[in-house]
Amino acid sequence: MDAVHVRAPGKVNVFMRVGPLRHDGYHDVATAYQALSLYEDVRAYPADDISVTFAGGSVDTSALPTDGTNLAVKAAKLLAKRTGFTGGVRLEIDKRVPIAGGMGGGSADAAATLVACDALWGTELGREELLALAARLGADVPFALVGGTAIGTGRGDRLSPALATGQFHWVLAFAEGQLSTPTVYSELDRHRERHASEIPPAQRAPGVDAGVLQALRAGDAAMLAEVLSNDLQAPAIHLAPSIAEVLELGELNGALAGIVSGSGPTVAFLAADLDNALDVQIALSAARVRVVRATGPVHGARVLSD
């Protein structure tokens with residue numbers, strides 16, 4: 001095989017509850033993921049060793065590592081170790097999902113790499129084995145593999161499918177700068193400690209609200225807008241106050257609701273329909289906010305025929 005092309009989606013967390021800090025430094029979460037039509041493209045070519053380059057796409061990749069710390073390289077090495085494959089791969093990635101933006105772009109790269117290398121190398125691992133490898137790479141990698149709409153528990157990597165009917169329209173606003181996921185979680189812990197007398201304690205076993213599942217099942221954007229929630233939104237805004245301005249701007253210009261995606265700083269605005277999404281996109285663009293429209297749910301990582 002000369003090359004394999006795999007496309008994997010970014011995601012939005014339409015709901016996210018975060019439990020208290022565990023003794024191992026992690027948090028239990030309960031989240032509702034939706035895969036969006038903002039994709040990462042990974043092309044895998046035969047090679048003697050494992051390497052990655054970035055080409056095309058719409059994201060500045062100049063600061064991204066290309067050594068063994070890159071998540072796509074880690075994915076290829078993990079698959080090679082698991083299967084005993086002794087060759088290599090040259091990975092070429094077109095990035096469209098913002099870096100450190102809360103949309104799982106690096107996770108999409110890793111998921112796409114697992115699928116691409118499995119096909120290129122002929123290792124033919126089953127879906128469950130690929131999911132197990134994905135979970136070892138990061139909490140969001142399994143979802144990038146399966147796509148659609150799903151509930152994530154544990155670190156977010158234990159997935160169960162969630163029925164979502166119809167199509168949801170989103171306008172994604174890319175706030176300036178980047179936010180490190182560990183930094184946002186640490187800020188959440190500090191916020192809870194500072195305001196322990198004012199806010200309810202974190203649920204030790206968080207769950208997704210029934211209203212979220214009902215709205216997704218009904219395919220009702222207005223209903224979903226009422227229940228969008230993210231425990232990481234307040235700490236993300238505290239670290240990057242400009243997020244609050246973007247949220248206000250989108251909602252003033254007709255979005256049903258806005259939510260910080262994951263650990264931010266990307267803000268996802270839910271629109272009533274395509275026309276509403278276009279109106280929000282135009283208004284935010286006029287205010288010099290970088291935006292893109294997307295729909296969901298979409299498929300997870302899969303091989304394309306070029």
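Yeah, the Cβs are placed from backbone N, Cα and C, and that goes for glycine too.
Within its own chain, LYS11 (active site) has TYR33, GLN34, ALA35, LEU36, MET103, GLY104, SER107, ALA108, ASP140, PHE143, ALA144, SER261, GLY262 as residues 6 or more apart in sequence whose C-beta sits under 8 angstroms from its own. Positions annotated as active site by Swiss-Prot, on the basis of sequence analysis: LYS11 (among others).
Packing around GLY102 (ATP binding site) is summarised by its Cβ count: 29 other Cβ atoms lie within 10 angstroms of its Cβ, all protein chains included. When secondary structure is read from DSSP and collapsed to three states, GLY102 (ATP binding site) falls in the coil class. The ATP binding site annotation in Swiss-Prot covers PRO98, ILE99, ALA100, GLY101, GLY102, MET103, GLY104, GLY105, GLY106, SER107, ALA108.
If you look up Swiss-Prot, you'll see ASP140 (among others) marked as active site. Within 10 Å of the C-beta atom of ASP140 (active site) sit 29 other C-beta atoms, taking all shown protein chains into account.
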Listed in sequence order, residues not in PRO98, ILE99, ALA100, GLY101, GLY102, MET103, GLY104, GLY105, GLY106, SER107, ALA108 with Cβ within 8 Å of the centre of the ATP site Cβ atoms: GLY10, VAL97, GLY262, THR266
